[in-house]
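Taking it in order: structure first as structure tokens, then the write-up.
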Amino acid sequence: MRQINFMPSFFSHCHHIIIIFFSLVPKKSLGAVDPFFQTCSVPKTCGDGQPIRFPFYIQDKQNSSCGYPGFNLSCNNNGHPTILISNNNYTIHEIFYQNETLRISNSAFSNPNSNCIPSINSISLPGSQFDLAPNQTNLFLFYNCNSLVHESWPSEFYPSCYGENDTVLALSGQDPKLISNVSMECKSSVLALVEAYGGGIAESLRNGFVLKWKSSNCSICEDSGGNCGFDNIMYHFKCFCPDRPHAWNCTNTTGLEYLPGKFFSLENFSFLV
């Protein structure tokens, strides 16, 4: 009886499967580095030495994909980064990337040589982006108060920036009813925030307060050698890696790639063959 050899047919079949497999695996040009990884690799600065990186990005200096939506910054004339919150410009003094907090102050208080209190608007934090850090203090500023209020808190009045005779009453977070009663005796009042309230009211306002930001966690991506960013088309966090963008971190893709609709490894492939 003539013996039939199936081996050539088997290996021919395997050969075709291997060709199809590697034709579907995404190809990466040798030596090429993903452009988003390059773009977001080097942090920028406004001039004060603070590195600006994810979740923040400087408008007109950094690609918006290097930051998180709503965390766009500008640079002021003094070389400090600023952020817009509730239509007020706030100067960023320090960014603490490790615990995801930053210390800011209303830019109206930025003059270090002034001890007067300017007129500002109340702050309203965007809840989707920031939370107030623990141990911060509410500070209520009252403008154009009547003589009765002056007599009640003579030591809590400070000079206004808008006239020699103008004064501003500053009261830290107290009984809401008391605050409400005082506001009825003054023409306007606003809420400010300070980290620490002492005798130097102008200095306390200049030093500002601390916020904790809300965005995708960046540590997993950075620990894997990637740069955090955002896909503005898919509207989702991305980890920009040397080879290509990944979902969360730069995994080792040697022998591990995506095929349409399935997830394969060369080990699984050899098993299937």
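Using N, Cα and C of the backbone, Cβ positions are placed for all residues, glycine too.
As annotated by TrEMBL, domain 'Wall-associated receptor kinase galacturonan-binding' applies to 40-105. Per TrEMBL, domain 'Wall-associated receptor kinase C-terminal' is recorded for 185-244. If you look up TrEMBL, you'll see 1-31 marked as signal peptide.
According to DSSP, the domain 'Wall-associated receptor kinase C-terminal' (185-244) comprises 12 helix, 24 strand, 24 coil. Look at the domain 'Wall-associated receptor kinase galacturonan-binding' (40-105): DSSP puts its residues at 3 helix, 27 strand, 36 coil.
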